[in-house]
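Annotated in Swiss-Prot:
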type: SIGNAL; residues: 1-18; note: signal peptide
type: CARBOHYD; residues: Asn87; note: N-linked glycosylation site
type: CARBOHYD; residues: Asn196; note: N-linked glycosylation site
type: CARBOHYD; residues: Asn338; note: N-linked glycosylation site
type: CARBOHYD; residues: Asn384; note: N-linked glycosylation site
type: CARBOHYD; residues: Asn387; note: N-linked glycosylation site
type: CARBOHYD; residues: Asn414; note: N-linked glycosylation site
type: CARBOHYD; residues: Asn428; note: N-linked glycosylation site
type: CARBOHYD; residues: Asn444; note: N-linked glycosylation site
type: TOPO_DOM; residues: 537-1276; note: topological domain 'Cytoplasmic'
type: BINDING; residues: Asp1091, Asp1135; note: Mg(2+) 1 binding site
Amino acid sequence: MLRWLTLLSCILLTALHGNIVEDVGAAQQASYPPPPPPFPFNVIVILPKRESTYDNFGMTLQKAMPVIDIAVQEVIKAKKLPPGWINLTYWDSRLYEDILLAERHATVGVIQAYCEHRLDAILGFADNYGLATVTKVTAGLNGGIPILTTSGMPSLLNSKKEYPFLTRMQGSYRLLADSMYQLIAYHDEDSVSKSNSSLNYLNLIFFYHDKRRAVNRVIAQDESQETGATSSHCYFSLYAIKRYFTEKSKTFKREWALNTPQFPFDEDLVIERETFKQWLREISLQSNVIILCASPDTVREIMLAAHDLGMATSGEYVFINIDVSTGSHAEQPWIRANDTNNEENEKAKEAYRALKTISLRRSDLDEYKNFELRVKERADQKYNYTNITGKDYEMNNFISAFYDAVLLYAIALNETIQSGLDPRNGHNITSRMWGRTFVGITGNVSIDHNGDRYSDYSLLDLDPVQNRFVEVAYYSGASNQLKTVGQLHWVGGKPPTDLPICGYDKSKCPGYPLHVYLLMGSFLLILVLVGLFIFFWRRYKLEQELAAMSWKIRWEELDGEESQKKNEKKKAKKRKNHNDYLPESDPLLRSTSRSSVNSDKFDEDSLIPIRFRLRSSSSGTTRKISAMIDRKLSIFTRKKSTPPSESQKNGGLTPNSLQKAENGDCSPINEVQFRLPLNDRRVSSPSSEATRKKNSNEEDPENGAKKSLSLKNRKLSFGMVSFKSGSGGSVETIAQNNTQIYTKTAIFKGVVVAIKKLNIDPKKYPRLDLSRAQLMELKKMKDLQHDHITRFTGACIDFPHYCVVTEYCPKGSLEDILENEKIELDKLMKYSLLHDLVKGLFFLHNSEIRSHGRLKSSNCVVDSRFVLKVTDFGLHRLHCLEEINLEEIGEHAYYKKMLWTAPELLRDSNAPPMGTQKGDIYSFAIILHEMMFRKGVFALENEDLSPNEIVQRVRKPVSEDQEPLRPWVSETGEGEGDDALNDTLLSLMVACWSEDPHERPEVSSVRKAVRSLNRDNETSNLVDNLLKRMEQYANNLEGLVEERTQEYLAEKKKVEELLHQLLPPAIADTLIAGRAVQAESYDCVTIYFSDIVGFTSLSSQSTPMQVVTLLNDLYLAFDGVVDNFKVYKVETIGDAYMVVSGLPERRDDHANQIAQMSLSLLHKVKNFVIRHRPHEQLKLRIGMHSGSVVAGVVGSKMPRYCLFGDTVNTSSRMESNGLPLKIHVSQQTYDILMQEAGFKLELRGSVEMKGKGMQTTYWLRGYKDVEIPDFGEEFA
């Protein structure tokens, strides 16, 4: 019957030439068209051309067309359909403001399009009435017309018997009702479906906009004028909530059986704020849980009225706003830019604290954000949206859903054609759209078997810290679960009760006689006065404490390095007579390591002070510690002892040398391994002072330059040495170009404290005028006391010495301990240190500090009792004054500090300076990985990334199918030392560095997990805990000392070998022993002098590098010859070469050795080739003389072994008066040589020498079968 009526309608409409419907996208055809070809498929988009009061979701053609355009382009680009297969026609569904006329207009237009074969699918509809009518009509056309709508959410459209081809891209209000039910609904044993709600509200009232049922509705005299009064979307949404609640809960069904608490109104009429106040007074007598549904402007007026009545600030009322159209992007809905009264915005903000909003969940994918930008650009460029409407384009979920609708239709159409079925049959298309999931612009889109999308809803709440509405929970339509992702903030600190104690009308509270009220009033007045007195007294005391600034430390009170240097000089004078002390003025001390082992072996006497120091460092815990240490150290006494004299000769330890450290700050083991000046905690490599300065860029402190120590040299055993830097630094270890500097220390009131310099520019802040907030921050820091955080001693704000003073922990930081490969940490020690860290972090999170913000392994320090403490926390307002100089710090060090920072804080340009507790949990996970694997911070398996590259990759957001960059974890779960990691600890680490901060555990959960692992190792008895830690520490003592001793011996041997090359071995050994070298006279020695003839001319014709190369090659060759004879090379000066025989080892054949050496040198010169002048013969001139000399060491810096006497001068004259490539011999040397057979000498004759007169000299021609080489006739 319906088909016959449709055919009749087609005939009538054709006769009328189709002039009823206005076609926005294409011209109307005047004649009836022929049957359609297979392609294209005609899709009609039916939406209002302009906004209307009936359109609550902002759905217009101007907004939808750019979205549909992009969707069609993406379908063609993805090859789901070829170009030209879809023909879009846009209709204005609102030619008439009257909704009933608009409904008829749309229905007639659809029938006409069908009759003209221009209808294959329908997309759109902003009102439910027109949608319902058209859906019913098109169900009977041919095989049905598929309709896809982004609205149509009322439960009345759920019936697929009446609406068999309707697909709803936003689902139905039933999912909204389910989310409300799980959030607030009261549930008891009679409930059909249990709710997980913690609010458990039963007394609800609906306060919403609806023209048809409004209490302020204007009754028209003519009933025909009321046809436009239709039900609003608020009514449909609240109707769905009522229906769902009564289905799921028998209690609600019983309570709402007769009447549903509601208060509808017409917001299109002018409503004064006083009217809203009157309505809210009436509502407050019925319920304190008010469910709102109206436009954003109306909701703001209602909340302002509630604020004026005190309902929004009392904490007794809660407002739940249903706003599905605005979306979850409305972060500050209380602000109105056109509101000239700024106080109204502030008042509205305060009122919105009592408001919770439920809206469709907004996608936060990057693809969706890019899609929004593309749509806005298309709307302005192609459709001139901004100029036509006068406002910026704004996207919402109902508009963006058109993209998913086009994509879904294209997928179903493609599959229908591929299956060989009729693509114009509505059943074939609809059956392929329902019950499927596909990837849309908002992510995964799921359509149920009823044609409704599984929509997600967000619960938004005003975050007082971020000053905006944020998502605290969301409802997943696919899983029908409400998931919490944040914390609700309630006025008054807790949610209001469902029913006030006295009832809404105060009828449940009985009255009392007048005298009772007087007594109660008097009592309350006294309490108020007492309270005011206490308040003002405490405030007065607080102000006094703030003004006193007990934390303030004057720079003069810090006994720093200058004072320590003066004391050091005084103490050095007293120690000069000790045999075991090497004065710093001794040049040999500067040429060797500044940190050296004092003896090769240890004797019983040297261990007495060590035991004493170890006992005294335990603060007198019990005799058990001393006994245990004695057992561990007694192994050294079983070794062969060195006699005291030998020990002193080698710079060994004595009780006196150990006793001098009793007043210092170094640990006892420091005295076993290293000789350090008192109060100096610096550590250097075993290289010479000059080499150390060159390699580490360190300069003399007297010159005011900075110092740095290499990372390699910094690594020492756990608890072995205390450290100190002359250039300051921070409490944490500061990395600068592969160097490490520990914190500066000072003496404050007799106690060693750590100094952290604040990088505050003195020029910018010549005076620190602290605000009240900063003073409060410093006071809170001063009041903090806990076993596992460093004690805040105070701060210095004297210009320009801005610094923070804290407790000094001499064992170094956790980072240094982990980086030192020599330190073996067993599982119990790791758990113990980890437990200390968690306890310190737990205290901070529950204190007024709230969070650390800069947690890293270098901010975890270990004190002398092996207790780990958290440091460098708090004082965030003071740190805000600091400036970061990237050039001074270095890029590597700057980004390395960020490796512990949580990804959400890296992405947030306005991250809170104090950090977050969830950020601290992430930092804890990175530290935990460092401790378990000991591969360094953020160790990766097969990637060699710089800290900058790691930070950038961690900062970059990741999608759900991507794995975020995290430190490498072995698949077998093996940690450092091939120990299998505890599964609980591994799971805890992975959970703590989760990408989503909401998925990270609280610190209380972390503490509980770590405490369960360390239960056997940690007791409540401090002494027992200390005993265990001391025993663990002492277990490695023997191996560490032995290993360091061997390292020392190897370094000592290298230094001695180098020194023996600079000085005669006997002289060097005398200086090493600390004894002065006495000058010694020698009756007869032979001295050799030589130089290069024409060297000055040769140098002027050569480059400096060529000259250096020449001399180096020549002297290396000479040194090889000299080593074959019993001679001593004295020195080389330029081209001059001086050798002596007969000293320091006395021998009679000194002239013989020098003569043979001279002949060998001439033979070496014969074959010597000058690199840059290979064809030129090097001309060596040699002179030698015998006589008496005096030899001794001259100078304290760069000591030289020098010869003195007339013999030296005569030898030099013999050389200068000789000839090239000949050996000039004096009369004295001639007399000695002639006593031995074999030497061939030729008389030269008398030669006049400066200062000597005429001297008879000789030429040495050969020795036995060795002759002078033949250099040619020129040199014969």
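A Cβ is built for glycine as well, from the same backbone N, Cα and C atoms used for every other residue.
Asp1135 (Mg(2+) 1 binding site) sits 90 Å from Asn384 (N-linked glycosylation site), counting Cα to Cα. Cβ neighbours of Asn338 (N-linked glycosylation site) (same chain, under 8 Å, six or more residues apart in sequence): none. Here the candidates are the recorded positions Asn428, Asn444, Asp1091. The one whose C-alpha lies nearest to that of Asn384 (N-linked glycosylation site) is Asn444.
Between the glycosylation sites Asn87, Asn387, Asn414, Asn428, the minimum number of other C-beta atoms within 10 Å of a residue's C-beta occurs at Asn387. Take the Cα of Asp1091 (Mg(2+) 1 binding site) and measure to each of the glycosylation sites Asn87, Asn414, Asn428, Asn444: the nearest one is Asn444. In this structure, Asn444 (N-linked glycosylation site) is part of a beta strand by DSSP. Ranked by CA distance from Asn387 (N-linked glycosylation site), the glycosylation sites Asn87, Asn414, Asn428, Asn444 have Asn87 at the top as the closest. Asn428 (N-linked glycosylation site) falls within a helix when secondary structure is assigned with DSSP. In this structure the C-alpha atoms belonging to Asn87 (N-linked glycosylation site) and Asn428 (N-linked glycosylation site) are separated by 19 Å. In sequence order, Thr437, Phe438 constitute the residues six or more apart from Asn444 (N-linked glycosylation site) in its chain with CB-CB distances below 8 Å. Rounded to a whole number, the C-alpha distance linking Asn428 (N-linked glycosylation site) with Asn414 (N-linked glycosylation site) is 11 angstrom.
When the recorded positions Asn384, Asp1091, Asp1135 are compared by the number of other C-beta atoms lying within 10 angstroms of their own C-beta, Asn384 comes out lowest.
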